[in-house]
Amino acid sequence: MWIKELELKHYRNYDHLLASFSSGLNVFIGNNAQGKTNFLEAIYFLSLTRSHRTRADKELIHFDHSTVSLTGKIQRISGTVDLEINLSDKGRVTKINALKQAKLSDYIGTMMVVLFAPEDLQLVKGAPSLRRKFIDIDLGQIKPVYLSELSHYNHVLKQRNSYLKSAQQIDAAFLAVLDEQLASYGARVMEHRIDFINALEKEANTHHQAISNGLESLSLSYQSSVVFDKKTNIYQQFLHQLEKNHQKDFFRKNTSVGPHRDELAFYINGMNANFASQGQHRSLILSLKMAEVSLMKALTGDNPILLLDDVMSELDNTRQTKLLETVIKENVQTFITTTSLDHLSQLPEGIRIFHVTKGTVQIDSDIH
């Protein structure tokens, strides 16, 4: 899939923008604070209905307006799709082909994106919540049902934690109802995550071995707070541990086990990647991003759109070459932001170059 056209109205520092793109590489050049990252954020927002930079929707609205409108014309294998998001102080409205979507799970996945931004370099050593978010964003695009089940899980988790904080004593019968619901939704969330990590590991290891010239292998480990011996009995084991932890959870006023506490670990040649070098971290993250692209195509039959936000300067020539080779081989529409073409040592033919200045975007040229 690829974005043929994007229109922004009152988004960040863009009062109004209408642009069309190449189905291959699109490079956006400009000084800092001109709107390059805002532009990629808009594509991300149109795909996932959320920003990767802020939770405050009001920050997305142009300073002298009260509403935001984003529309995009997306070419999928199945045909052209029009996406639209309207944002105001009353909330957000999402539409596919002018039809309002009642649930996010009906909208997300229509246009898949993979974002590679400087903050992704913190994925290995950052907080566990970053790694859970990484899993959730990918899975939500590949399997819309996952978003629905995760939403149900989080709703019941909030109910259970609220009860634990307010109750003077445990009502075993009431807690049993919440336990059953939490274990049911949570088990399905974990099953999806386990399948995803197993598939992602194979793709990521293939890319990592290519980047390291066969010197390194990459493995991923989904580490659950729920102890289970096989995937088919997660529900029973989860339910048992919730019941077992009633007193502990009541004392601590929160739920001590479940996918909301699960972790993802990375290993290079069998050693925890927390102890890897900076160069190895960059190779690991690059391998993951390329694996995301490959896996989304394998599981859905369509390519995602790749967003590279000021990361090419973080990669040496070898890693740049590997990334661009993958993009070209997989025929992935790619958006690259940069302050200079000097960092892009291996630009192929057929790219489209744009210049970004103070919230305006002007096409420079197509390189053939």
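Including glycine, each Cβ sits where the backbone N, Cα and C put it.
Within 10 Å of the C-beta of Gly35 (ATP binding site) we count 24 further C-beta atoms, all protein chains included. Sequence annotations record features per position, and here Swiss-Prot assigns ATP binding site to Gly30, Asn31, Asn32, Ala33, Gln34, Gly35, Lys36, Thr37.
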- Query: Across all chains shown, how many C-beta atoms besides its own are within 10 angstroms of the C-beta of Asn31 (ATP binding site)?
  - Reply: 11
- Note on the structure: Gly30 (ATP binding site) -> DSSP, reduced to three states, gives coil
- Query: Which chain neighbours of the ATP site, leaving out Gly30, Asn31, Asn32, Ala33, Gln34, Gly35, Lys36, Thr37, have a Cβ atom within 8 Å of the mean position of the site's Cβ atoms?
  - Reply: Asn38, Thr337, Thr339, Val356
- Message: On the three-state reduction of DSSP, what should I expect for Lys36 (ATP binding site)?
- Response: helix
- Query: Once the chains shown are all counted, how many other Cβ atoms turn up within 10 Å of the Cβ of Lys36 (ATP binding site)?
  - Reply: 24
